[in-house]
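Asks: Here it is, the structure, as C-alpha cells.
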Amino acid sequence: MPENSSIPNCCEASGLAARPSWSGSAGARPPVTARAPWVAPMLSTVVVVTTAVDFVGNLLVILSVLRNRKLRNAGNLFVVSLALADLVIALYPYPLILVAIIRDGWVLGEAHCKASAFVMGLSVIGSVFNITAIAINRYCCICHSTTYHRVCSHWYTPIYISLVWLLTLVALVPNFFVGSLEYDPRIYSCTFIQTASTQYTAAVVAIHFLLPMAVVSFCYLRIWVLVLQARRKAKATRKLRLRPSDLRSFLTMFAVFVVFAICWAPLNCIGLAVAINPEAMALQVPEGLFVTSYFLAYFNSCLNAIVYGLLNQNFRREYKRILLAIWNTRRCIQHASKHCLTEERQGPTPPAARATVPVKEGAL
C-alpha cells in the first residue's frame, strides 16, 4: 500500500493505520496482527471515560484550591501545576486518539501528529517532574520545618513551578532531533517511539522515570521514618512534632506517587527492555501487553483528582460545594426557562384581568 508522501512515517493515503518507521532498528519491527472486533469499541470507551473524568476531576482540583482558603497554600500550588499537566492531555491528544480509533488510522495530518505527541510528552514529563517537586516540598516541610517557610513561601513557589516546566520543555527538545515522535497504530496515538533510538530510549527511561522515582522514594522514606519516630514517643520533641494537616497532605501525595508508579512502571519496563535488546524484545513483547500498558499509563491522568477526594477531607468538601453550586445554578436556569415558556404560551395577561375588582358595599 503506497504511503502518503506528504505525511511520511505517519499514516497511509487510504486513512488506514500504517506502521511507524522503526528507525535505528529495521529488523525489530513488531509483527502485524489482526484485531478482534471488540478492541476498537473497548479502547474508545476507555478514552472517552478517561477524558471525561480527567477534564472534570482536574478542573475540580484547580477550582477547589482557588476557592478554599484552607487549600490555598504553597504546597498545593504544585498540586494545581500537576492538575494542569493532567488537564492539558484531555483537551488535545485524547480527542485526536479517539478520532484515530474511530477512523482506524491517523487522518489529521503530520502537523497534528507532531503537536499531539509533543503535548503528550509535555503532560507526561510535566507530571513526573511535578510529582518529584511535590515530594521534595513535603520532605522540606516535614523534615526541615524550620527552614521550609523561608525557602517555600508563596513568593518562591511560583519560581519553583516555572523551573519545573522549563525543565520539562528542555527534556522534550531532543525528541525533534532523534525523530522519535511518530504515529503508532497499535495504540492509535502519535507518541514516543521506543525503537527510534535505543540509546535515547534508555536515557529517557532513566532520566524521566527511574531517577525521579528514586528521588521521590528517598523523600517519602525519610518522611515515613520521621512519622514512625514521632509516633513511638509519647511526647514528641519539637523537631518531631507533626501537624495533622501536614501528615494528611503527605499521605495524599504519597498515594498519588504510588498510583503514578503503578500506572507507568509497565510501559517503562517495556521501553527499558526494548532499549537493552531491540532486535529480540521488540518482537517478543505481545501487542496486547504493549497496548494495555500504554492505556494504563493514559488512565493515570484521571486518577489524581479521585485520590484527593478520597483521602483529603478539604478537597472532598470543596468538590461537593462546587458540584452543588453547579447543580443549583442549572436548576435555577431550568426553572427560569420553564417560567418564560409558560408565559409565552399563555400570552400577555389582558388588562381586564389585571384590573382591581371593586369591593361592594356591605361585603365586609
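Residue 1 is the first one shown; counting continues down the chain.
Quick reminder: no glycine exception, Cβ is built from N, Cα and C everywhere.
Residues or ranges marked as compositional bias 'Low complexity' by Swiss-Prot: 352-364. Per Swiss-Prot, disulfide bond is recorded for Cys113-Cys190, and the stated evidence type is sequence analysis. The region 'Disordered' annotation in Swiss-Prot covers 343-364. Residues or ranges marked as topological domain 'Cytoplasmic' by Swiss-Prot on the basis of sequence analysis: 64-76, 137-155, 222-253, 309-364.
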Asks: Quick one: average pLDDT across the topological domain 'Cytoplasmic' (137-155), no decimals.
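Replies: Summing pLDDT over the topological domain 'Cytoplasmic' (137-155) and dividing by its length gives 80.
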Asks: What else in the chain is close to the topological domain 'Cytoplasmic' (64-76), if you only count residues 6 or more beyond its ends and a Cβ gap under 8 Å?
Replies: 134, 137-138, 141, 152-154, 156-157, 249, 308, 314-315, 317-319, 321-322
Asks: Mind checking how the topological domain 'Cytoplasmic' (64-76) divides into helix, strand and coil residues in DSSP?
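Replies: Tallied per class, the topological domain 'Cytoplasmic' (64-76) gives 7 helix, 0 strand, 6 coil.
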Asks: Who are the chain neighbours of the topological domain 'Cytoplasmic' (137-155) in space, where the CB to CB distance is under 8 Å and they lie at least 6 residues beyond its ends?
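Replies: That would be 74-75, 77-78, 219-220, 222-223, 226-227, 242, 246-247, 249-250, 253.
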Asks: Counting Cβ atoms within 10 Å across all protein chains shown, which of the disulfide-bonded residues Cys113, Cys190 comes out on top?
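Replies: Of Cys113, Cys190, the one with the most crowded Cβ is Cys190.
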Asks: When DSSP states are grouped into helix, strand and coil, how many residues of the topological domain 'Cytoplasmic' (137-155) land in each?
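Replies: When I sort the residues of the topological domain 'Cytoplasmic' (137-155) into the three classes, I find 14 helix, 0 strand, 5 coil.
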Asks: For Cys113 (disulfide bond), which of the three DSSP-derived states applies: helix, strand, or coil?
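Replies: In three-state terms, Cys113 (disulfide bond) counts as helix.
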